[in-house]
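Have a look at the structure below before the remarks.
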Amino acid sequence: MKYTKWNFIMSVLGIFIYIFDLIVDTWVSVKFFCEGQYVFGVLTVIFILFGTFVVQCFSYSWFKADLEKTGQENHHRFLLLHCLQGGVFIRYWFALKKGYHVAFKNSSKTNNFMEEQIDLHKEVIDRVTDLSMLRLFETYLEGCTQLVLQLYSLVEHGQGNFSQYAAIMVSCCAISWSTVDYQIALRKSLPDKKPFNGLSPKFTYLFYKLFTLLSWMLSVVLLIFLNVKMALLLLLFLWFLGIIWAFKNQTQFCASVGMEFLYRIIVGFILVFTFFNVKGQNTKCPMSCYYIVKVLATLSILIAFWVCPPSIFISDYLLIISITVVLTFLLGIIFLIVYYGIFHPNRSGEKKPDHTDGKPVQRDCRMRYFLME
């Protein structure tokens with residue numbers, strides 16, 4: 001487990017992507033207001049604020065827990081920074097500052113310093129993994145909802161402007177990349193997990209998430225055109241089922257009861273859009289049931305759309321959208337099967353920790369209780 005110069009470069013790239021995403025979100029909301037689409041503009045601002053609020057809550061909670069572990073009680077300054085929406089930036093500052101020292105300056109390889117080196121690298125990797133998870137939360141809370149709005153606007157008008165296409169591309173890339181990035185960071189932070197190596201597994205996993213997500217997003221957009229209330233009821237029902245699933249699995253991610261409750265609500269929200277493993281258990285059966293439900297829901301929406309097509313759609317346009325929904329879903333399932341059948345790191349068994357050479361594997365990492373497979 002080592003934090004390399006390449007990891008540092010990727011961390012620097014991460015903060016630029018984070019800032020760029022904020023700029024695009026602001027730009028899109030302003031464009032909506034300027035074009036008179038006040039409902040879309042207000043919804044975009046609400047989604048941005050909600051995602052940011054949740055991220056700041058988790059970030060401060062982790063800062064507070066980490067400080068209490070080291071015997072430090074002065075966490076009020078961090079509370080102020082998080083109230084000013086600076087939690088992610090201060091985390092990037094600490095991670096890059098320590099990461100630069102570890103990757104570029106602390107290059108000693110002698111036996112006397114080897115144990116200290118491992119601790120320093122693990123500290124930086126844990127910081128980067130925390131950031132990766134926060135980006136994952138924000139991406140799904142903001143990106144998925146905004147992607148639905150952008151797709152709805154694009155499908156409604158038949159053509160979009162540059163800002164809409166840019167926002168859709170940024171949202172798709174951000175959601176897919178944050179998912180892959182978290183998976184990489186997760187396995188790097190847990191020494192007894194097999195690493196997520198090679199380009200083929202990463203791209204296969206990325207396309208599996210991207211295509212299944214796009215298919216479901218388009219299906220939701222079609223349902224909104226049919227009946228807005230029905231679409232909201234379906235999404236709320238799926239969200240409720242996701243929350244029940246999180247409670248049933250008795251997740252143990254947060255130290256406090258309140259934050260654990262919020263965490264399970266967020267888990268349920270993410271499960272509306274994609275599947276993930278909330279406790280690191282065998283998920284073959286739950287995943288199969290999840291995607292069977294998605295297949296049935298998608299087919300039901302398409303059938304209803306063809307039986308009662310909205311007047312704004314012509315038959316050729318409807319056919320193109322339907323083919324896109326089906327094709328992206330099939331591609332997503334194919335990449336899913338390939339990933340779990342060939343490329344999944346656990347396919348050959350988990351990496352066994354070596355308790356003879358070096359220190360035993362530390363199992364107090366919070367990421368162990370949030371495993372996304």
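From the backbone N, Cα and C atoms, a Cβ is placed for every residue, glycine too.
Remember, TrEMBL labels are computer predictions, not curated facts.
Per TrEMBL, these features apply:
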- 6-28: transmembrane segment (TRANSMEM)
- 40-63: transmembrane segment (TRANSMEM)
- 75-94: transmembrane segment (TRANSMEM)
- 205-225: transmembrane segment (TRANSMEM)
- 232-249: transmembrane segment (TRANSMEM)
- 261-278: transmembrane segment (TRANSMEM)
- 290-312: transmembrane segment (TRANSMEM)
- 318-342: transmembrane segment (TRANSMEM)
- Interface-richest range of 205-225, 290-312, 318-342 toward the transmembrane segment (261-278), CB pairs under 8 Å: 205-225
- Message: If we skip the immediate neighbours and take only residues 6+ beyond the ends of the transmembrane segment (232-249), which ones have a Cβ under 8 Å from one of its Cβ atoms?
- Response: 220, 223, 263-265, 267-272, 278-279, 281, 286, 297
- Query: Between 40-63, 75-94, 290-312, 318-342, who has the most Cβ pairs under 8 Å to the transmembrane segment (205-225)?
  - Reply: 318-342
